[in-house]
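Q: According to TrEMBL, the protein carries these features:
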DOMAIN    B:6-158  domain 'Glutamyl-tRNA reductase N-terminal'
BINDING   B:T50, B:C51, B:N52, B:R53, B:S111, B:E116, B:P117, B:Q118, B:Q122  substrate binding site
ACT_SITE  B:C51  active site, nucleophile
SITE      B:H101  site 'Important for activity'
DOMAIN    B:174-308  domain 'Quinate/shikimate 5-dehydrogenase/glutamyl-tRNA reductase'
BINDING   B:G191, B:A192, B:G193, B:E194, B:M195, B:A196  NADP(+) binding site
DOMAIN    B:322-419  domain 'Tetrapyrrole biosynthesis glutamyl-tRNA reductase dimerisation'
Amino acid sequence: MGTIFFELALTLYFAGFLLSLAGIVRKKDDLDKAVFLLALAGFILHTIYLVIRYIKSGQAPVFSMHEATSFFAWSILFISLCMSFCYRAKVLNFGVILSFIFMFISAFFPRTIPFIKPELRSLWIDIHALMAVFGIALFSIAFVFSVLYLIQERAIKFKKFGGIERILPNLEILDRINYRLIFWGFPIYTVALVVGFVKYLSLLGFLLDPKEIWSFLTWIVYLAIFYLRVKGDWRKKKAAYLTIIGFLLIIFGFFGINLLTESFHKPL
Amino acid sequence: MNLIVLGLNHKTAPVEIREKLAFDTQESIREGLKKLTQTEGIKEAVIVSTCNRVEVYVCTNGENEKIIKSLKQFLSEFHNIPIKDFENHLYIFNNKDAVIHLFKVASSLDSMIIGEPQITGQVKDSFEIALSERATSLILNHLMNRALFTAKRVRNETRIGENPVSVSYAAVGLIKKVFDDLSKKSILLVGAGEMAELAMRHLIGSGIKNVYVTNRTYERAKELAKEFNGIAVSFENLKEQIAKSDIVICSTGAPNYVITEQMVKEVMPLRKHKPLFLIDISVPRNIDPLCNELDNVYLYNIDDLQDVVDSNILERKKEAEKALNIIEEETEKFFQWLNSLQSVPVIVSIRNKAEQVRQEELEKFKSRFKELPPEVIASVDYLTQSIINKIMHSPTIALKNNCDNKEILIFAARRLFGIDSEEE
């Protein structure tokens, strides 16, 4: 089902991944244009793949591990492309690397269309799942930029230069990117959780599974990050540390819980 | 055809000699070029004269010894200085070494500060003057263009000019690693040291507009503030002013810490923990080193800045090694081109001869078969042209290609196609 588009996108992402890595290792930006073109071409093919899958199955392409991971990779690249237009920062290279990794992982999961019970097929469930994965993608990039912030900050603080920090943007830009990602990610993730929770309640009543509990815990952490960031005091380094903690929780929720409980939302 | 460079630079000659031999103005370079091109044996010439070097590049068809003597004579007469006064400071390179030397100069590998960008522009200017004086022709035009191209390659493919190698520029570079838009930042100068002033000037050049100056003597602060288009503030309000500033440059003669850790600790909440960049250029230090331990505070003293500069210099030296590979590659290409020039006259002669034979035979054919329609004659013309081109293809490629025994090949081609006997 449009698998050829998936394979082509994966190949382009791989080429982009290699060039991005080369640019980072060589600490030069002469390959950035090629990375951009590869990422854009891969992104278009990937979008076609997702659309074909959506049209054929009639449900959002996020309900199996293959779909969720692939859509996650797509979201990361989409956000990175948007951000590379807004900031003249080496955002895209990191985005391409991350996208390829998740796209590669998604290739190992079965590509069959997951069965969703008819009573669960609804636009709201689609919105819930798409927004949740997109929100997580925003948090993931925030995590990457928090790590980069800490690397840059450490280099300046300890006066040790000559590494990756050479190609990184300055601290202010890194912090601003982090802020914007959290600023957009939190409301999207919140809406996704609220929609999901309401729908869940209407279907099963009040019966929480590990995924819901974990998602709620993660949401609490991001609420704290969001509040502290917007309030203004917890900026820069502390914000970077918090974002990293939040990401670790979320990634465990995304992969760990799904794999340990062997399904999305077990009672369903 | 020989290439010679004769010159001296900061490594070989003291400044007194360099200034005596310098071509200070464009006019003097033009005048020098006129004299050089009138010298017997010199076909083309370029003079490169900067504060650190004076070099004469010539393309000659005379004896090397004689040309070198003429060049020394020229410098001596032009600047009115005896040859013995500068002879020992000269370096002379021929052919390949001359090309490598020029490529190194243009790429700033031979400069006092490796990777400094000005020299490429100076070489370009020198070439343009020589061009406008018609002092250069085929060889030096190509050589100078290749030198500028090589310099561009070195700049693009290595990081030779990337990191600053002066303390004040290094400070600006570090500040830019923290802050994004410097025009929105405030800077406070505490004291009036010379190096702090220099760093201030670089920062103002980088776009900082909000400048504050404080000094124990308020009058001196006012003087400096006027110089930087800034505002003088009272030394008693130092803490409040730090709270309002993003960058603080401290350079006073005080024997103790003027900015203490406690002071900065108190200041940070007032500025909502926004980053604060402190530069301490004073000796003894005026900012407590413990300030660097505080979150979002970055402190650099003169030794730290010097360390950054030293590591940047080391980095440039490493990059210079990569640049040498590029230079070697480009030198090779230049000599390939130069060698191909040698064979051009032979190729032209062979092709002319073949064409001449073809035309003669075609005329004979036409006169023998007068009744043939013009389309057939045109076809025969086309056919003979194709045959000639096909036959000539391999010898042309062989002569154009660079090979070790090129001269033998050219000699053989002349003999085989009977060009020498024809010319005789």
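The first residue you see is number 1, and the count goes up from there.
Here the Cβ of each residue, glycine as well, is placed from N, Cα and C on the backbone.
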Q: Do me a favour and check the Cα-Cα span between B:H101 (site 'Important for activity') and B:S111 (substrate binding site); whole Å is fine.
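A: About 11 Å separates the two Cα atoms.
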Q: Which whole number of Å gives the largest C-alpha distance between any two of B:T50, B:C51, B:N52, B:R53, B:S111, B:E116, B:P117, B:Q118, B:Q122, the residues noted as binding substrate?
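A: Greatest Cα separation within the listed binding residues comes to 15 Å.
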Q: Just how many other Cβ atoms lie inside 10 Å of the Cβ on B:P117 (substrate binding site)?
A: 13
Q: Compute the C-alpha separation of B:G193 (NADP(+) binding site) from the residue listed as 'active site, nucleophile', stating it in Å without decimals.
A: 28
Q: Taking only the Cα atoms, work out how far B:E194 (NADP(+) binding site) lies from the residue listed as 'active site, nucleophile', in Å, as a whole number.
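A: On Cα coordinates alone, these residues lie 24 Å apart.
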Q: In three-state terms from DSSP, label B:Q122 (substrate binding site) for me.
A: helix
Q: Could you tell me the mean pLDDT over the domain 'Tetrapyrrole biosynthesis glutamyl-tRNA reductase dimerisation' (B:322-419), as a whole number?
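A: The predicted confidence over the domain 'Tetrapyrrole biosynthesis glutamyl-tRNA reductase dimerisation' (B:322-419), as a mean pLDDT, is 87.
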Q: Helix, strand or coil by DSSP: which one applies to B:G191 (NADP(+) binding site)?
A: strand
Q: Rank aside, I only need the closest one: which of the binding-site residues B:P117, B:Q122, B:A192, B:M195, B:A196 has its C-alpha nearest to that of B:C51 (active site, nucleophile)?
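A: In terms of Cα distance, B:C51 (active site, nucleophile) lies closest to B:Q122.
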Q: Mind checking how the domain 'Quinate/shikimate 5-dehydrogenase/glutamyl-tRNA reductase' (B:174-308) divides into helix, strand and coil residues in DSSP?
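A: Helix (H, G, I), strand (E, B), coil: 62 helix, 33 strand, 40 coil.
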Q: Can you name every residue in this chain, apart from B:G191, B:A192, B:G193, B:E194, B:M195, B:A196, with its Cβ inside 8 Å of the center of the Cβ atoms of the recorded NADP(+) site?
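A: Filtered neighbour residues, in order: B:L189, B:E197, B:I249, B:S251, B:T252, B:I281, B:S282.
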Q: Please identify, among the binding-site residues B:N52, B:P117, B:Q122, the one with the smallest Cα-Cα distance to B:A196 (NADP(+) binding site).
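A: It is B:P117, whose Cα lies nearest.
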